[in-house]
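TrEMBL annotations:
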ACT_SITE  A:Thr118  active site, nucleophile
BINDING   A:Arg146, A:Ile147, A:Gly148, A:Asp149, A:Thr168, A:Gly169, A:Glu170, A:Gly171  substrate binding site
Amino acid sequence: MEASIMDGPKRRCGAVSGLSTVKNPVSLARLVMDKSPHSYLAFSGAEDFAKKQGVELVDNEYFITEDNVGMLKLAKEANSILFDYRIPTIGTCGAGAAAMESPLQMNGLPISVYAPETVGCVVVDKEGRCAAATSTGGLMNKMTGRIGDSPLIGSGTYACDLCGVSCTGEGEAIIRSTLAREVGAVMEYKGLNLHEAVDFVIKNRLDEGKAGLIAVSKNGEVACGFNTTGMFRGCATEDGFMEVGVW
Amino acid sequence: MGWAIAVHGGAGDIPLSLPPEKRLPREAGLRRCLDVGIAALKAHNHPLDVVELVVRELENNPHFNAGKGSVLTTSGTVEMEACIMDGKTMKCGAVSGVSTVVNAISLARLVMDKTPHIYLAFDGAEAFAREQGLETVEMSHFITPENIERLKQAQEADRVQLDYTQPIQKEVPKDAALADGDSQIGTVGCVAVDNEGNLATATSTGGIVNKMVGRIGDTPIIGAGTYANHLCAVSATGRGEAIIRGTIARDVAAVMEFKGLSLKEAAAYVIDQVPRGNAGLVAVSSTGEVAMPFNTTGMFRACATEDGYSEIAIWDSPTK
């Protein structure tokens with residue numbers, strides 16, 4: 001499991017990768033930020049840090065669900081890697097792999113319905129301070145030791161004094177496009193507002209990759225964008241607006 | 001237009017009083033690597049091959065903090081990381097937590113070329129290296145007496161230190177203002193562009209002295225220590241934590257694109273935003289410009305362009 005968190009005002013950040021027993025990776029990422037001299041800890045070093053910090057640890061089995069065991073089996077048989085909610089492609093997935101009709105089914109439904117998802121949250125308070133956090137198990141059937149975009153500052157997570165951003169989707173595409181930083185960069189260097197920045201980035205930065213993101217700005221705006229079929233999301237603002245959406 | 005190449009061997013609190021026995025081998029190393037890179041460019045090798053080749057040379061040189069000569073973790077072990085990126089295709093590869101692979105940069109290249117992923121780390125990276133038949137050795141191969149000594153000093157001073165910091169004395173000397181022991185340094189990198197505007201970057205490091213086991217720095221993080229697109233290729237060095245939060249490498253290209261600055265202006269602008277004493281970078285643009293700004297005491301660096309210009313430097317020079 002991997003996660004990262006970033007605090008907009010001073011751009012402090014923390015990230016972790018390769019966790020197997022830490023119940024809440026994002027909280028360990030927070031501790032890396034607050035209690036270590038570093039920004040990013042991984043694998044056994046991160047697990048050791050977790051023990052020293054006394055965070056809640058559980059057996060690896062705690063995290064594993066039947067659905068995921070089933071999907072891994074199917075993915076291995078099809079020799080493919082499943083992206084978050086993307087219809088799996090057969091064989092090695094390159095940057096330009098196009099979506100294909102999936103023959104993979106489980107319980108009569110296309111497997112994409114079951115594919116695991118990254119989670120994230122972005123927040124801005126009354127004083128315009130932004131923060132962002134992202135957490136994930138990564139890709140189904142990923143190579144051991146594979147790190148995706150979620151723990152990478154600037155890719156899956158970013159916050160500065162202008163905005164907070166959390167991304168989800170094809171990790172490799174998000175990394176190549178440094179997607180989260182891009183929203184902030186476009187606002188900072190091009191002077192776009194949050195909605196324009198999010199639109200610009202989703203439209204122009206994702207080559208053939210599939211991804212989505214949520215973002216808030218220091219002015220209290222909230223925006224989301226995605227070039228996938230859908231993105232599970234919810235948002236709320238102080239004036240009472242609330243929305244949950246999928247497509 | 002024309003080809004260009006720039007190389008660095010780390011930015012940090014390099015004392016002006018650096019004794020010749022420490023300065024000369026590094027200058028010689030930079031000169032040699034620059035020559036290797038120039039020859040490769042003249043022979044029309046793709047910049048991606050050029051930067052990998054040059055960084056391999058730097059990794060093999062025990063005087064730089066990468067490969068052999070890597071600084072040590074708090075446990076006295078070596079955990080190397082590296083990253084490579086192709087400006088035209090935006091394909092990239094990165095590795096962390098590598099302890100037995102002779103050339104981490106080549107492993108990063110294989111991650112880019114031979115897997116559906118970008119970044120592999122620790123056991124998974126080591127397993128992949130063996131699968132690919134890369135040269136692996138005992139970890140002791142990478143450890144030098146100099147670095148054992150640095151670790152000892154850092155642990156005595158009980159703080160995180162980077163390569164190229166002066167030996168810590170009981171009282172920190174006044175003119176080591178940049179060093180509250182934390183001046184960043186130690187990384188190697190190379191950026192290159194050919195005369196068709198193809199860009200590439202590669203960075204490799206042992207990290208920072210006395211780092212926590214499992215600590216990952218800026219080097220393998222695309223957009224932080226390493227980045228290339230159709231405009232420029234960048235490799236950064238310095239305090240990893242500052243480079244990560246400043247998304248240094250990505251910002252150079254972003255500032256060129258969105259503010260229309262030249263490479264030199266963009267690079268200087270970005271380094272300026274980082275607190276003093278924390279970062280440096282080398283960069284080339286698609287039109288053959290070179291920039292090597294730093295806000296530390298010094299940065300081991302070298303560059304050359306097709307028109308015959310070349311430079312090797314450590315501290316401030318009139319033409320930066």
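Backbone N, Cα and C define each Cβ position, glycine as well.
Curation plays no part in TrEMBL annotations; they are all automatic predictions.
What you see is a predicted model, and the numbers here were worked out from it, not measured in a lab.
Features per TrEMBL, on structure.
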{"residue": "A:Arg146", "record": "substrate binding site", "Cβ contacts under 8 Å, 6 or more apart": "A:Gly138, A:Leu139"}
{"residue": "A:Ile147", "record": "substrate binding site", "Cβ contacts under 8 Å, 6 or more apart": "A:Glu2, A:Ser17, A:Gly18, A:Ala42, A:Gly138"}
{"residue": "A:Gly148", "record": "substrate binding site", "Cβ contacts under 8 Å, 6 or more apart": "A:Glu2, A:Thr136, A:Gly138, A:Leu139, A:Lys142, A:Gly156, A:Gly171, A:Glu172, A:Ile174, A:Ile175"}
{"residue": "A:Asp149", "record": "substrate binding site", "Cβ contacts under 8 Å, 6 or more apart": "A:Ser155, A:Gly156, A:Cys167, A:Gly171, A:Glu172, A:Ile174, A:Ile175, A:Leu179"}
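Taking 8 Å as the upper bound (exclusive) on CB-CB distance to chain B, the binding-site residues A:Ile147, A:Thr168, A:Gly169, A:Glu170 give A:Ile147 in sequence order. Between the residue listed as 'active site, nucleophile' and A:Thr168 (substrate binding site), the C-alpha separation comes to 6 Å. One residue stands out among the binding-site residues A:Gly169, A:Gly171 for having the most other Cβ atoms within 10 Å of its Cβ: A:Gly171. Taken residue by residue with DSSP, A:Gly169 (substrate binding site) is part of a strand.
Annotation note: A:Ile147 (substrate binding site) sits in a strand segment as assigned by DSSP. Across the residues the record lists as binding substrate (A:Arg146, A:Ile147, A:Gly148, A:Asp149, A:Thr168, A:Gly169, A:Glu170, A:Gly171), the two Cα atoms farthest apart are 16 Å from each other. When other Cβ atoms within 10 Å of the Cβ of A:Thr118 (active site, nucleophile) are tallied across all protein chains shown, the result is 26. A 10 Å cutoff on Cβ-Cβ distances gives A:Thr168 (substrate binding site) a total of 28 other Cβ atoms nearby, all chains included. Every protein chain considered, the tally of other Cβ atoms within 10 Å of the Cβ of A:Glu170 (substrate binding site) stands at 24.
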